[in-house]
Amino acid sequence: MLSILLENPLLVLFLVAAIGYPLGRIKIRGSSLGVAAVLFVGLAMGSLHPELKLPEIVYVLGLALFVYTIGLSSGPAFVASLKREGIRNNALIIGMLLVAAGLVVGAQRLLGFKGTVTAGLFAGSLTNTPALAGALETIKHIASPELRELLLAEPVVGYSVAYPMGVMGVVLAISLVQKLWNVDYGEEGKRLRLAGTASEALRSMTVRIAWPGAGRHTVAELARHEKWDVIFGRIRRGDSYLLTGPQVRFQPGDLVTAVGTETELRRVAAFLGEVSEEEITVDRSEYDYRRIFVSNPRVAGRQLGELNLFENYGATVTRVRRGDDDFLPHDDMVLELGDRVRVVTHRDHMAEVTAFFGDSYRAVSEVDILTFSLGLALGLLLGIIPIPLPGGITLKLGFAGGPLIVALILGTIGRSGSMVWSLPYSANMTLRQIGLVLFLAGVGTRAGYGFVTTLAKGGGLAIFAAGAVVTCLTALATLWIGHKLMKIPMSILIGMVAGLQTQPAVLGYALEQTGNDLPNIGYASVYPVATISKILIVQILLTMLM
């Protein structure tokens, strides 16, 4: 059997993926390794024979795909995180990552770890695969050819031993702190919703206009003056229907449909009149609605307000669904391939509006090879450019940092002329998963034999203990400083801690604890900065310690 595996690396790749992926979904006390289990299966497979390893191009390709797709989807969130409280939140995260780096260096000095193992310890205790990738890239550039294979295995040892506690330690820290501080997530959620911080599910409501002064202002003027965060749909005026547009004026007695959060809809209804139990959307004889896929490249990457839907088609978009989330469609919202827009328009115009957006499921399942390859090539080129740092240190972003930074920029831009940089949501997630599996399987098999050899020499327990200390102290310090000194609500803060770890398992635990979506706000606001910072820090650590 071993000889068959040695002669068929492609078989090894898919065996590792097929065994590792389901293992990663097994939960123990609410936590699981996720796709990282592929790494451990790869290590086990590679430990069987020194030549049982996948070609280097496998993990390099996987790495490039993984970080590039992350960057494309995180670009807008990254830019948004630099505004308002995002600057404060990201400053805390960067500070804590520097603290973690200091703790790792202290462990290295105290316990005598190699610089390469220390870099893996940093990536594992903070459960960040791109950081491990960045470490491996740096070693490839600075290590001598005869030592390269041996040195490439050492960060994986540190990462693999520290990783499990990198998940469990944070969960334990959150559990301990919320009990000590008697955190009431339900009450905190209510308070934040009143302050307009929380994200609630969207719903529709029928409002009966009773305010006598409604006709003195257009809908756009009212929404701007009262700062309403809702979208108005159709109006029933007597026995006739019309669609709400920016210049439409409500009249007393109108029945109007509105889409928004429960809190905001109640506020609008109290101002304009009262909530009505009538469902005017049931009558679809004149105005109809449907969800339409955005598959037209000429629409993707453009702001919704630029499309002039009401003026050109007499249509209004009341919701945009991206992935599994619904968003209110404001004029400055940039549409992406794969978005599903809910459109209300006259039945006679529905076919025309549908053709305008595209509505082709097949089209949104495909990838624009030109823009995808060009963007990835630009990222790889950036990654090989040496960047001089103070102290004579030269930094290269490598196959991890280069594509990530370029993808963040392109994901924010959305399109350049006729070229759409973003990927359809489904295609992005598929390529991301494939890339991550390729990377983990490749790294695991290539480091497996060295992993076993290193552990056989001793030192595994010391790495595990050091990783546990780094993880727990960093998480506890973040929670204490964030909540006690910076007054960040715990519901958001534990999401930020999950973002600090770039760990979906911790985010899942946080969501279970709060019972609302507030942790998602903290997670999304710091994830891109945390990922980039870890990649840069781990490369600086390696350059200093090797």
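For all residues, glycine too, the Cβ spot is worked out from N, Cα and C.
Residues 33, 35, 37-42, 45, 48-49, 51-55, 58, 437-438, 440-442, 444-445 of the same chain lie 6 or more positions beyond the ends of the transmembrane segment (4-23) yet place their CB under 8 Å from a CB of it. Taken from Swiss-Prot, the feature transmembrane segment covers 4-23 (among others).
For 30-47 (among others), the entry in Swiss-Prot reads transmembrane segment.
Positions annotated as transmembrane segment by Swiss-Prot: 57-79 (among others). Packing against the transmembrane segment (57-79) from elsewhere in the chain are residues 9, 13, 129-130, 133, 136-137, 334, 375-376, 379-380, 399-401, 403-413, 421-423, 425, 428-429, 431-432, 434-443, 446, 524-525, 527-529, 531: each is 6 or more residues past its ends and has a CB under 8 Å from a CB in it.
Sequence-distant contacts of the transmembrane segment (91-113) (same chain, at least 6 residues past either end, Cβ-Cβ under 8 Å): 121-122, 125-126, 158, 459, 462-463, 466, 469-470, 473-474, 477-478, 481-482, 486, 488, 496, 499-500, 526, 529-530, 533-534, 537, 541, 545. Feature annotation from Swiss-Prot assigns transmembrane segment to 91-113 (among others).
Counting only same-chain residues 6+ beyond the ends of the transmembrane segment (155-177), those with a CB under 8 A from a CB of the stretch are 30-31, 33, 36, 39-40, 43, 113, 116-127, 132, 135-136, 139, 183, 443-444, 447, 450-451, 454-455, 460, 463-464, 466-468, 470-472, 475-476, 479-480, 483, 494, 497-498, 501, 503, 505-506, 509-510, 513. Residues annotated as transmembrane segment in Swiss-Prot: 155-177 (among others).
Annotated domain 'RCK C-terminal 1' per Swiss-Prot: 189-274, in sequence order. In the predicted model, the domain 'RCK C-terminal 1' (189-274) has a mean pLDDT of 85.
Residues annotated as domain 'RCK C-terminal 2' in Swiss-Prot, with sequence analysis given as evidence: 275-359.
Sequence annotations record features per position, and here Swiss-Prot assigns transmembrane segment to 372-394 (among others) based on sequence analysis.
What Swiss-Prot records for 399-421 (among others) is transmembrane segment, and it gives sequence analysis as the kind of evidence.
Within the chain carrying the transmembrane segment (434-456), a Cβ under 8 angstroms from the stretch's Cβ atoms is held by residues 12-13, 16-17, 20-21, 35-36, 38-50, 52-56, 58-69, 117, 129, 132-133, 136, 149-150, 152-154, 156-157, 160-161, all 6 or more beyond its ends. For 434-456 (among others), the entry in Swiss-Prot reads transmembrane segment.
The transmembrane segment annotation in Swiss-Prot covers 460-482 (among others) and rests on sequence analysis.
For 489-511 (among others), the entry in Swiss-Prot reads transmembrane segment. With a cut-off of 8 Å between Cβ atoms, the residues of this chain six or more beyond the transmembrane segment (489-511) that come close are 30-32, 34, 89, 92-93, 96-97, 126-128, 130, 166-167, 170-171, 173-174, 178, 181, 183, 185, 188-189, 192, 197, 474-475, 478-479, 482-483, 517-527, 530-531, 534.
Among the features that Swiss-Prot reports, transmembrane segment is placed at 521-543 (among others), with the record citing sequence analysis.
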